[in-house]
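*Asks:* Positions annotated as active site, schiff-base intermediate with DNA by Swiss-Prot: 2. What Swiss-Prot records for 3, 58, 263 is active site, proton donor, and it gives sequence analysis as the kind of evidence. The DNA binding site annotation in Swiss-Prot covers 92, 111, 154. Feature annotation from Swiss-Prot assigns zinc finger to 239-273; the stated evidence is sequence analysis.
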């Protein structure tokens, strides 16, 4: 699943490709992608212009003229590409936005899990998923005191807590493993057992790691590509995720894989010792 760095990379690419383009027509090839009534979705967006593209956590927010916002969640395999409107539609393409300039924005999703929802701008914060999102992992918004209070209320494993989007927005399996390795925290450590210093280090590493991954264009493990069809570059900088058996870059101990909360989890058994 694309995490914050991948979604932000897609957002940046799309802003270069489709900003200020006007929709001429919309072709919905898989109706379940659209949360709204399909006819209403098409009618309301036809002749509208993309004015801006924002991101909140793992969600893309397409801002259209007439105060309309399309919420787009890529889920597992969702991708956006821009092609000439006359080009044959690729397999697994579910929605095509044809623009007046002869190009089209195409949503492609092998797994069919991605969704689009059209709302009045300002109402997106009340929709399921967005309503309870935690803070963005940035210096000004991700406050260590609030992070600490949230963790103190939770007995579950810190790995699971980091995947909880109400605590901090944008982390997924890849970067949760990475920031825990960086912070020398075992993924099964109860969240409420972390010291104040560990919480601070973890918070700082979350901000740092996601920023670095974003600048590298995200991480491509299997199929992720950005709007230009480019793979990410951060997979070459991973320390723990999917490095089972490789020596830890700090101590040389082989990285191990366990399952935490039904998620494959990678860590160093020497650097990251579990707390009971």
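The chain as shown is numbered from 1 upward.
Any Cβ shown, glycine's included, is placed from N, Cα and C.
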*Asks:* Quick one: of the recorded positions 58, 92, 263, which has its CA closest to the CA of residue 3 (active site, proton donor)?
*Replies:* 58
*Asks:* Could you break down the residues of the zinc finger (239-273) into DSSP helix, strand and coil, giving a count for each?
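*Replies:* Looking at the zinc finger (239-273) with DSSP, the answer is 0 helix, 12 strand, 23 coil.
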*Asks:* For the zinc finger (239-273), find every same-chain residue at least 6 residues outside the stretch whose CB is under 8 Å from a CB in it, and list them.
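*Replies:* Sequence-distant neighbours of the zinc finger (239-273): 156-157, 159-160, 163, 173-174, 177-178, 180-182, 184-188, 221.
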*Asks:* Comparing the recorded positions 58, 92, 154, 263, which residue's C-beta has the most other C-beta atoms within 10 angstroms in this structure?
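*Replies:* Its Cβ has the most other Cβ atoms within 10 Å: 58.
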*Asks:* Among the active-site residues listed here (2, 58, 263), which has the Cα closest to the Cα of residue 154 (DNA binding site)?
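*Replies:* Nearest by Cα distance to residue 154 (DNA binding site): 263.
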*Asks:* Which one is closest to residue 92 (DNA binding site) in space, judged by CA to CA distance, out of the active-site residues 2, 58, 263?
*Replies:* 2
*Asks:* If I take the alpha carbons of residue 58 (active site, proton donor) and residue 263 (active site, proton donor), what is the distance between them in whole Å?
*Replies:* 18
*Asks:* List the same-chain residues at least 6 positions away in sequence whose Cβ sits under 8 Å from the Cβ of the residue listed as 'active site, schiff-base intermediate with DNA', in sequence order, or say none.
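*Replies:* Listed in sequence order: 10, 58, 74, 78, 172, 218, 224.
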*Asks:* I'd like to know the mean pLDDT over the zinc finger (239-273).
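*Replies:* Averaging the confidence scores along the zinc finger (239-273) gives 98.
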